[in-house]
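These come from TrEMBL:
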- 5-22: transmembrane segment (TRANSMEM)
- 7-386: domain 'Cation/H+ exchanger transmembrane' (DOMAIN)
- 37-54: transmembrane segment (TRANSMEM)
- 66-93: transmembrane segment (TRANSMEM)
- 99-121: transmembrane segment (TRANSMEM)
- 169-194: transmembrane segment (TRANSMEM)
- 228-244: transmembrane segment (TRANSMEM)
- 264-282: transmembrane segment (TRANSMEM)
- 288-311: transmembrane segment (TRANSMEM)
- 332-351: transmembrane segment (TRANSMEM)
- 357-378: transmembrane segment (TRANSMEM)
- 396-448: coiled coil (COILED)
Amino acid sequence: MKQGLLFFWFAGVVVGLMIRFVGEQGFGSWINFNNNFFFYVLLPPIIFESGWSLKPSHFFSNFGAICTFAFLGTLMSTFVVGTLLWVFGFLGWTYAMPFLVSLTFGALISATDPVTVLAIFNELQVDADLYAYVFGESVLNDAVAIVTYRTLLSFVGVPITGQLVLDAFVYFIGIFVGSLLIGILAAITSALLFKYGHLQEEKLTTLESCLVVLFPYASYMLADGLDLSGIVAILFAGIAMKYYTAPNLSPEAIQVTTSFFQMLAKLSETFVFIYMGVALFLEQQSWHSFGFTFFTVISCLIARIANVYPCSWLTNLRRPPSRKIPIRFQHALWFSGLRGAMAFALALQSVSDLPNGYGQIYLTSTLFTIFFTVLFIGGSTPQLLKYLDIECHVVKDDANAQLIENEEDNEDLELENLHSSGDESKFKNMANKQKLMLQKKIRQIQETTSFATLDKKYIKPFLASNVQDEMKIGDLKDANMKE
């Protein structure tokens, strides 16, 4: 997939170069990347497919860490990139820009690209938890970056005060929470419609698929119409619809819907990468800004450090030892911050959003940053994973994840039996035994107080069909495995 995207990028470069030499009249005059076309046609299927294709077991088991990386990490990355570029400009090493203008660039360039990253990790079959970290961060990160960019843009040109910072924070929270609620509302409405409408019993596969497509786009348009974030709305609509709505669909409708959005997402991503290459010669570039591009790449690498390692430390503080993020995973996370379609779209939009030609500088720097991260960082990812000795296995379905959880419970039961019998030879020392017992108590507390228990007992049975049957089938599978 990475090689394919690079091929399309180079193909776009060749096409753009030919048009540049031949002349931009005629054929070149109608090749124009329209921001509305991107945000209303190309981007929605990419984001929804990311949420729809999510594997819930490892995603939600690492949800706290993912949110830390996506929210706190993206905000830290925005601040670090913006501050470093402002300092470099202040020192006269590159273009000097106002601080808020630099922060807007920090926001748009902090959007990592989920398609490029996930294509590499899917191909290499990386560790399941590492895959969940990268997948979850990259998907939520796009939404956070867009909202942050819009928030900062609305305050450009306004003197920075304490009240301004508070207003920006409230604005950010309001947009994100409001958009999230719209996405969840769309998912709940669709789940109830398909459960009590009994469309799968009437074998109306085409109608089912059409309605499934309607709901995420409706959430996107509604959020955008209310000046919220359609990206956040359609992302959480995809996550919630896969969890609550999909069980109410016929198998044929699920297959059609999944294939349809996969096709749209791949076509959209391909088109964006082709136009990235074409834009090098058809869009007005700031060719003398290579110094700014160099400092952008350096700032992004430093900001990634400020994102991954502190957020991993915060996550590990509230986790038992067996659930801590290993340092080798943290190295891989730092290395996986590739840039792609979202950063390009925001940079292209900044040309009209920002004054004094700042947007053109941002566009040129973003294009070359994307090329650098995809080609050099993405291309060397397999060697890094091999060097870090990261196990290559992905738990691909919830059944396997449940089997692993059952095995962990059996191990804890065995440890308890050994402890009650007084046989301490199986333990290396008393500290290890106490640590293992503490881990079990933590899991028991989480199981009895977490949202997952409430969801399993009340929410999903209300919204989704055949939940009790699925639970019985799961119990039978567990019994057969034990036999």
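All positions are counted from 1 along the displayed chain.
From the backbone N, Cα and C atoms, a Cβ is placed for every residue, glycine too.
The stretch from 66-93, 228-244, 264-282, 288-311, 357-378 that makes the most Cβ contacts under 8 Å with the transmembrane segment (37-54) is 228-244.
Comparison of 66-93, 169-194, 264-282, 288-311, 332-351 by number of C-beta pairs under 8 angstroms to the transmembrane segment (228-244) places 169-194 first. Mean pLDDT of the predicted structure over the coiled coil (396-448): 48.
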